[in-house]
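Q: According to TrEMBL:
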{"type": "TRANSMEM", "residues": "6-23", "note": "transmembrane segment"}
{"type": "TRANSMEM", "residues": "30-49", "note": "transmembrane segment"}
{"type": "TRANSMEM", "residues": "55-73", "note": "transmembrane segment"}
{"type": "TRANSMEM", "residues": "93-113", "note": "transmembrane segment"}
{"type": "TRANSMEM", "residues": "119-139", "note": "transmembrane segment"}
{"type": "TRANSMEM", "residues": "146-164", "note": "transmembrane segment"}
{"type": "TRANSMEM", "residues": "194-214", "note": "transmembrane segment"}
{"type": "TRANSMEM", "residues": "226-255", "note": "transmembrane segment"}
{"type": "DOMAIN", "residues": "226-364", "note": "domain 'O-antigen ligase-related'"}
{"type": "TRANSMEM", "residues": "261-282", "note": "transmembrane segment"}
{"type": "TRANSMEM", "residues": "302-324", "note": "transmembrane segment"}
{"type": "TRANSMEM", "residues": "349-374", "note": "transmembrane segment"}
{"type": "TRANSMEM", "residues": "386-404", "note": "transmembrane segment"}
């Protein structure tokens with residue numbers, strides 16, 4: 001009983017802090033949100049509402065997301081002129097593309113095999129869309145780099161815990177991941193691959209911040225931090241994380257062809273090679289990449305076949321948003337080749353194709369087209385590239401990181417960092433356009 005009261009106390013304190021920041025420093029909430037995304041473990045800090053849901057209801061990320069939305073609503077209430085900004089945001093092609101995707105998902109309620117699940121997913125998407133709108137409304141220019149700093153330093157702060165768990169196999173959460181020959185370190189995350197994703201986000205943030213910190217001691221600090229993030233990524237033994245990083249580094253070289261960036265990436269390659277050479281476990285994980293994703297290989301094969309079957313059977317509309325698992329269990333269970341195997345898709349593209357068909361894939365393509373157009377506009381309008389374009393590249397690469405990572409671990413539209421990044425990159429575009437007018 002006492003422990004339950006303690007959890008309620010933590011919840012009330014958390015809400016109180018969010019309310020205070022929402023009233024006094026709403027921009028701080030945005031930066032805090034991308035930081036607490038790392039604390040999946042926070043679901044154990046708050047009371048369970050078993051009568052409402054069998055799953056944890058409260059997490060720090062959800063509380064902060066709600067705080068940002070309410071803060072934006074308050075801003076609209078006390079500053080009616082902000083409605084013009086909201087109209088401008090809603091009329092932008094990125095917002096329209098997102099609304100098209102959500103509308104397609106909502107329409108699938110009429111034919112989905114699991115209408116209750118579809119409603120839940122639509123509500124989730126609408127909530128994230130409100131978060132995106134809220135960030136566009138309240139984000140200020142002087143806080144542009146704050147989310148990068150927070151993600152970077154949160155990632156660095158997790159390095160000691162990662163080393164401890166990797167060496168001792170004593171995990172502070174979800175200890176079953178330490179069982180077996182290979183311990184997949186998850187730190188404070190639900191899954192090692194999601195942890196690896198966050199570390200890649202931290203590496204991107206590090207490279208972006210290095211451009212703005214030219215003093216020798218600051219560059220040295222960021223480089224040492226970069227080594228820590230790379231080491232932690234190696235300890236996760238996440239091949240999807242390593243592949244994601246490799247692709248992202250190519251993109252950052254193409255988008256920001258600067259000597260400083262190239263030097264840092266070159267040194268990363270040297271350090272990464274040393275880590276691989278010194279760690280037989282990492283070598284084994286990399287050498288077996290072509291054999292599939294370890295123990296999940298057979299599962300991912302049949303999940304891919306199921307997704308393709310659903311898509312070919314329902315090519316235009318799909319089986320309904322959130323309906324993959326129920327459809328699998330009801331009509332495609334014969335595809336399952338592993339008795340205790342997964343029944344949820346782990347690949348974002350497969351999931352969208354199966355659940356929303358060609359309509360969903362088209363909407364996703366429109367979202368990417370809008371993001372690329374924003375980045376091109378930032379590049380052409382920002383003459384010195386430091387004020388708007390480079391931060392825009394950072395947020396674009398965050399989105400790309402989440403998308404690539406989600407092809408092996410899902411959680412694309414469900415990741416708050418995605419919506420923060422989309423909100424911030426659109427806000428950057430509006431900022432540079434305003435500069436051009438003045």
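Cβ coordinates are placed from backbone N, Cα and C, and glycine is handled just like the others.
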Q: Are the transmembrane segment (302-324) and the transmembrane segment (226-255) close, by which I mean at least 3 Cβ pairs under 8 Å that are 6+ residues apart in sequence?
A: no
Q: So what's the average pLDDT for the domain 'O-antigen ligase-related' (226-364)?
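A: A mean pLDDT of 82 is what the predicted model shows over the domain 'O-antigen ligase-related' (226-364).
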Q: Is it true that the transmembrane segment (194-214) and the transmembrane segment (386-404) have 3 or more CB pairs under 8 Å, sequence gap of 6 or more?
A: yes
Q: Checking distant contacts: for the transmembrane segment (146-164), what same-chain residues at least six beyond its ends satisfy Cβ-Cβ under 8 A?
A: 27-28, 30-32, 34-35, 38, 170, 172, 185, 187-188, 195, 198-199, 201-203, 205-206, 208-209, 225, 228-229, 231-232, 235-236, 391, 394, 417, 420, 424
